[in-house]
2 protein chains.
Amino acid sequence: MIAWLQMGWGDLGVFGEPSKETPNLDRMAAEGMLFPNFYSANPLCSPSRAALLTGRLPIRNGFYSTNGHARNAYTPQQIVGGIPKEEILIPEMLKKAGYVSKIIGKWHLGHRPQFLPLQHGFDEWFGAPNCHFGPYSSKEETPNIPVYNNSEMVGRYYEDFMINRKTGESNLTQLYLEEALGYIRRQAASHQRFFMYWAIDSTHAPVYASEKFIGKSQRGRYGDAVMEIDHSVGLILKELQTQGISENTFVFFTSDNGAALMSGPLQAGSNGPFLCGKETTFEGGMREPAIAWWPGHIKAGQVSYQLGSVMDLFTTSLSLAGLQPPTDRELDGLDLTHVLLENRIIERPIFYYRGNEMMAVRMGLYKAHYWTWSNSWEEFKKGIDFCPGQSIPVVTSHTQEEHTQQPIIFHLGRDLGEKYPISVSSAEYQAVLKQISPAVEKHRKELVPGMPQLNMCDLAVMNWAPAGCEKLGKCLKGPETNPWKCEWPH
Amino acid sequence: MIAWLQMGWGDLGVFGEPSKETPNLDRMAAEGMLFPNFYSANPLCSPSRAALLTGRLPIRNGFYSTNGHARNAYTPQQIVGGIPKEEILIPEMLKKAGYVSKIIGKWHLGHRPQFLPLQHGFDEWFGAPNCHFGPYSSKEETPNIPVYNNSEMVGRYYEDFMINRKTGESNLTQLYLEEALGYIRRQAASHQRFFMYWAIDSTHAPVYASEKFIGKSQRGRYGDAVMEIDHSVGLILKELQTQGISENTFVFFTSDNGAALMSGPLQAGSNGPFLCGKETTFEGGMREPAIAWWPGHIKAGQVSYQLGSVMDLFTTSLSLAGLQPPTDRELDGLDLTHVLLENRIIERPIFYYRGNEMMAVRMGLYKAHYWTWSNSWEEFKKGIDFCPGQSIPVVTSHTQEEHTQQPIIFHLGRDLGEKYPISVSSAEYQAVLKQISPAVEKHRKELVPGMPQLNMCDLAVMNWAPAGCEKLGKCLKGPETNPWKCEWPH
Ligand SMILES: [Ca+2]
Ligand SMILES: [Ca+2]
């Protein structure tokens, strides 16, 4: 079971959030294994989610764009592409071992019919294909995002599934919680193996929380959403125990990208001591809170220093289910079974990608930046800031800075904030580079990029008439097809 | 018992340090009460230490300077002043309840004979009167800092008490640990009530650790020192349990100021998500890690949201010893007994002083800055940076910025980094100001500043010939007296 959302590394009490308002997640960590060095595969949602479910970097599974250099791309309503059929997702594999699978919440791997979860191995789905942006009016010529139950829509955000943009109130997390508890109960009752992917989105702007959590945290609206998620995680773990299946259920909690600092203090969380946030390849953008929980198997109260990746959840899930990973393709995820059960360490590099560019790589405690960029001057002058209050010369630059001949290297143990480049003339720098360079060269040489899926946009592909819209009288008429190359400003 | 040193809020695992290398302090927190909102009384050592021991703001007890506006002052070797006789220190009070007292480590309240610990209520002392700067040579015309055993020196740093400036190796923390364990054993054996003030300094530049800790942490030299302190705290708590006195001993762990970010990554720790560090009145300079431990009295696993201050340890210590606080003077410390035992909250403002100026005040989750300053352009251009990598317009300025007519207000719950000033035209701003202003006016009106002790310097007062130097052949001859007004650049 994977719980998965947008949250910063520093948003959990156990990772130093001062209000300590995540008692259930903190207890989950105390009863399981904490990963302080766990990474997303990309600093934003769609590519990171595609990577989790395929065990492969977005550059391989197609969740990137070549419309510009090092540009973040995702799946807004006008995106033409989505997850390719050829990719193998966790639920497709687990089916072979007799598992059923459900996704609850945001999909984000493409919203056209061929890309939806039930076409890619999931047996059930309750949630939406895109972000809960809106409300859109007919004047804006944009449909509100549909909410699906399995293969048919059951309504739309802001129409049938309300989010009060003024107060931030919405009961969606409660709906997603009930879906999760119900699914667990049903599978337990029928002794059915299951994979549940709980991909809630209340901490993503527009941030929302249920009535009983609104105003309850010390952290404003974002904190209210975090409290509700924490509360929900507590109830889910308790349900596993009540059903007597906690010792048979591997649970992993993590996030798809760092806190979105550009959303300001009401709609964004904390990346703790790390640099910048979502959209960047600094630690604040890609290091994620991560907790593994499996009573009776994972010893309580452990910390793993393993460099982990969301892609490891693919390979590890297969391993726990007794399956071999596919051999006809490159996989980036590792099998963490021995890390989880014996607290071993597997040496491996972490590659930090932004769009089509490998920006940085981490090995051990060292991180080498080959490219650095926050965002463009043009966007920055509009007030979009991925690193508010932070400024490291050359590093958090608004022009893309190339360092491929002489990477900027940081020691992440003694320099959490990526502030102190190691002198290129030092013996330490030379020794690190000597270790990192071969891994980078090998990666670059062997990499066969997948066909980019996030290049084309078209208003005609928006959620005008999703399956099931007729029954609800919710079909809309979109414009004629008129594709263009999507612009990705970040 | 108070353990007290220089460490940043973010340096403990329980406060989110990613390497999680403080298992003993984290366990201390799990067995006791954690304070995420605990403050020093000043963003640097001497004044903060004077405040802890007197329960009074430095502006009252004289540990400040009027040589410049809002300048940090402390007690280097050339300082003429020290703790006034008229101040009442914790050990002076506790004596009335039959306690004996020992200070182990750095004193820092003045090094001239009349200012030393045994003149101010302590019965024993092992440690040094000043920071462990050096080594000084006779060419520099500066004596190395003496180490005292009670009222006589037993050697000097870099001569008899070695710190290898190149490797960072020194066994001083081990000496201070042995002193602590021995003292505890002796008091336990004689059923003697005691106050132990364990004021170690290995995390203060020049940072040092013992041979067996050198190179052991993920965080470089500073991390090695933190690991050794953590290890020592573990052994001290264990000794209390071994001696059967843990349920009769109140233990408090905290710090005198935030991590000294200007000392760079090898010699400085982490202030977690907070702004700037030592020397500043931003959260990174004054919010401190703090843990209370008292098995059988303080319930395990608690978090207190109390706004606490190091000055509260004065009043609380008296209360726990059954003593009334002195009534002939203003005290700034609160009695936290009910906070500790019943997790109650006492509303109170926190005043952030820098030298002779009240720079900011916190009430509840709001902080209002009346003055902001990082350091002068002159110092900044020399490379001294109290906020490396951080830059908030007007806030982290290099000129002193006055906001007394319209304070800059932050919400510290949703804005840990003091990045998003609340709009002065908002209802929230007006409501907060209406609540804070009367407290500030009252404080300013009633404040009677003490005689400033840190105005005058004189090379003649340096540690040339401390008591006991004759026996050791370590007396040096200083220059004639030639006092000047000390320059305090920060
Ligand atoms: Ca497939
Ligand atoms: Ca006195």
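Yeah, the Cβs are placed from backbone N, Cα and C, and that goes for glycine too.
These come from TrEMBL:
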DOMAIN    B:7-322  domain 'Sulfatase N-terminal'
MOD_RES   B:CYS45  3-oxoalanine (Cys)
ACT_SITE  B:CYS45  active site, nucleophile
BINDING   B:CYS45, B:ASP256, B:ASN257  Ca(2+) binding site
ACT_SITE  B:HIS108  active site
CARBOHYD  B:ASN171  N-linked glycosylation site
Three states by DSSP: which one describes the residue listed as '3-oxoalanine (Cys)'?
-> helix
In DSSP terms, helix, strand or coil for B:ASN257 (Ca(2+) binding site)?
-> coil
Provide the number of Cβ atoms within 10 Å of the Cβ of B:ASP256 (Ca(2+) binding site), excluding the reference atom itself.
-> 29
Applying the rule Cβ within 8 Å of the centroid of the Cβ atoms of B:CYS45, B:ASP256, B:ASN257, what extra residues of the same chain belong around the Ca(2+) site?
-> B:GLN6, B:SER40, B:ASN42, B:PRO43, B:LEU44, B:SER46, B:PRO47, B:SER48, B:ARG49, B:SER255, B:LYS278
Within 10 Å of the Cβ of B:ASN257 (Ca(2+) binding site), how many other Cβ atoms are there?
-> 30
Local Cβ density at B:HIS108 (active site) - other Cβ atoms counted within 10 Å = 28
